């Protein structure tokens with residue numbers, strides 16, 4: 001590939017990834033539909049909302065096998081299939097007449113489709129820009145976050161004008177077309193050459209090799225903690241506002257806007273910063289910010305200002321962590337197997353999405369979950385300040401040996 005073609009191909013891949021990520025991020029408008037689906041199915045909102053928990057779990061599971069899918073079929077085909085399955089999932093959701101069908105379509109099918117496209121396109125795009133990994137992650141994951149904001153207005157307008165069932169059909173069609181079009185612009189990133197620095201081989205670890213390193217599980221704990229704290233607070237922010245900060249319904253609803261802005265800010269600020277300083281130090285900064293926010297929720301007298309500041313801190317770290325982590329994992333274990341190595345760590349997203357709710361349901365209230373998250377943040381902070389990269393292999397001068 002000539003230098004000019006290489007540049008053109010990677011920038012087209014970036015554009016396709018941004019379009020695809022924007023459409024995939026639309027699933028985070030799900031809370032808009034809980035009330036209408038509850039009325040349609042004559043089921044409690046909590047049972048309807050469980051479909052989003054299944055979606056998050058399915059997303060994490062399919063992300064963990066995205067690397068193997070890319071190896072066999074290529075990024076373009078897998079992304080197109082992801083878009084088609086996502087559109088099908090929304091179509092089936094529109095025609096769901098019971099909870100089980102809703103859970104299978106909106107939860108399992110949409111989640112699996114979304115996860116396959118999300119991590120695959122992200123890791124492939126990062127490989128095209130090894131010199132700007134943080135910035136490219138910020139662009140890609142930032143567009144995923146913007147998708148929830150953009151489709152919030154689209155879906156709200158559709159609900160008001162065409163009703164619930166047609167909204168799902170149109171939403172699915174728009175997402176399908178965007179993802180398939182984005183996929184046509186993408187190409188698989190070339191395999192990265194093994195680099196050497198001062199006689200040291202920068203090794204590309206396979207998944208099996210990575211999982212034998214303690215650093216892999218240290219990173220996994222940090223990622224799980226950020227996801228658990230962010231997803232739990234995002235899920236119950238409105239309830240915390242009313243129960244603990246004693247805000248009225250209108251003021252409490254502003255928590256969604258605050259979280260969206262903080263989440264996106266974390267993705268952009270920490271993502272760009274990760275190209276300037278050591279990425280693990282960026283994770284440490286995010287952990288400190290989240291720790292301050294969680295401490296405020298636990299120990300500070302909550303009013304509108306302290307509450308919004310606290311949840312903003314947690315959401316900022318969550319957005320920043322999921323942006324920086326793909327590049328961080330590639331820094332520790334190499335770029336060539338990033339989709340596989342990050343895919344297993346990304347299971348922490350699915351596990352974290354349900355852990356907070358399980359703890360809260362077992363012990364009642366918010367505070368026990370907050371204390372668990374607070375303790376995990378302290379542990380994660382200790383890990384991020386002590387972790388070191390795996391030892392690399394030294395090149396020997398002797399002929400034919402390493």
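Keep in mind that glycine also has a Cβ here, set from the backbone N, Cα and C atoms.
Sequence-distant contacts of the topological domain 'Cytoplasmic' (1-11) (same chain, six or more residues past either end, CB-CB distance under 8 Å): 128-129, 187, 189-190. Feature annotation from Swiss-Prot assigns topological domain 'Cytoplasmic' to 1-11 (among others); the stated evidence is sequence analysis.
Sequence annotations record features per position, and here Swiss-Prot assigns transmembrane segment to 12-34 (among others).
For 35-43 (among others), the entry in Swiss-Prot reads topological domain 'Periplasmic'. Within the chain carrying the topological domain 'Periplasmic' (35-43), a Cβ under 8 angstroms from the stretch's Cβ atoms is held by residues 96-99, 102, 159, 164, all 6 or more beyond its ends.
Taken from Swiss-Prot, the feature transmembrane segment applies to 44-66 (among others).
Sequence-distant contacts of the topological domain 'Cytoplasmic' (67-72) (same chain, at least 6 residues past either end, Cβ-Cβ under 8 Å): 78, 116, 120, 123-124, 188, 207, 337-341, 343. Annotated topological domain 'Cytoplasmic' per Swiss-Prot: 67-72 (among others), in sequence order.
Per Swiss-Prot, transmembrane segment is recorded for 73-95 (among others), and the stated evidence type is sequence analysis. Within its own chain, the transmembrane segment (73-95) is flanked in space by residues 20, 23-24, 66, 101-102, 104-106, 109-110, 112-114, 116-117, 120-121, 124, 164-169, 171-173, 175-180, 182-184, 186-188, which lie at least six positions past its ends and keep a Cβ under 8 Å from the stretch.
With helix defined as DSSP H, G or I and strand as E or B, the topological domain 'Periplasmic' (96-99) counts 1 helix, 0 strand, 3 coil. Summarising the annotation, Swiss-Prot assigns topological domain 'Periplasmic' to 96-99 (among others) and lists sequence analysis as the type of evidence.
Feature annotation from Swiss-Prot assigns transmembrane segment to 100-122 (among others); the stated evidence is sequence analysis. Counting same-chain residues at least six beyond the ends of the transmembrane segment (100-122), those with a Cβ under 8 angstroms from any Cβ of the stretch are 16-17, 20-21, 24, 27, 30, 37, 41, 48, 50-63, 65-67, 69-70, 75, 78-79, 81-83, 85-86, 88-90, 92-93, 137, 140-141, 144, 179, 182, 186, 326, 339, 342-343, 346.
The average pLDDT computed over the topological domain 'Cytoplasmic' (123-134) stands at 85. Here Swiss-Prot flags 123-134 (among others) as topological domain 'Cytoplasmic', drawing on sequence analysis.
What Swiss-Prot records for 135-154 (among others) is transmembrane segment.
Per Swiss-Prot, the feature topological domain 'Periplasmic' maps to 155-168 (among others); the stated evidence is sequence analysis.
Sequence annotations record features per position, and here Swiss-Prot assigns transmembrane segment to 169-186 (among others) based on sequence analysis.
Under the heading topological domain 'Cytoplasmic', Swiss-Prot lists 187-216 (among others), citing sequence analysis as support.
What Swiss-Prot records for 217-236 (among others) is transmembrane segment.
Sequence-distant contacts of the topological domain 'Periplasmic' (237-250), counting only residues of its own chain at least 6 positions beyond either end whose CB sits under 8 Å from a CB of the stretch, comprise 256, 259, 297, 302-304, 306-307, 311, 366. As annotated by Swiss-Prot, topological domain 'Periplasmic' applies to 237-250 (among others).
Within the chain, the transmembrane segment (251-273) has long-range Cβ neighbours (under 8 A, six or more residues past its boundaries) at 134-135, 137-138, 141-142, 145-146, 148-149, 230, 233-234, 237-238, 240-242, 245, 282, 285-286, 304, 307-308, 311-313, 315-324. What Swiss-Prot lists as transmembrane segment is 251-273 (among others).
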Exercise. Taking residues 6+ outside the transmembrane segment (307-329), which of them lie with a CB under 8 Å of any CB in it?
Worked result: 122-123, 126, 133-134, 137-138, 141-142, 145, 219, 222-223, 226-227, 229-231, 233-234, 237, 240-241, 244-245, 247, 254-255, 258-259, 261-267, 269-271, 274, 279-280, 282-283, 286-287, 289-290, 292-294, 296-297, 300, 338, 341-342, 345, 349
Problem set entry | Sequence-remote partners of the topological domain 'Periplasmic' (96-99) [C-beta within less than 8 Å, at least six residues beyond its ends] | 41, 43, 47-48, 105-106
Seminar exercise, completed: Under 8 Å Cβ-Cβ from the topological domain 'Periplasmic' (155-168), and at least six residues away from its ends along the same chain, one finds 26, 29, 32-33, 36-37, 40, 90-91, 93-95
Exercise. Against which stretches of its own chain does the topological domain 'Periplasmic' (303-306) lie, if we need a Cβ under 8 Å and a gap of at least six residues from its ends?
Worked result: 245, 247, 251, 296
Seminar exercise, completed: Comparing 12-34, 135-154, 217-236, 280-302, 342-364 for Cβ pairs under 8 Å with the transmembrane segment (169-186), the winner is 12-34
Seminar exercise, completed: Counting only residues at least 6 beyond its ends, the same-chain positions whose CB falls under 8 A of a CB in the transmembrane segment (342-364) are 53, 56-61, 63-67, 119, 123, 207, 211, 216, 219-220, 223-232, 235-236, 322, 325-326, 329-330, 372-373
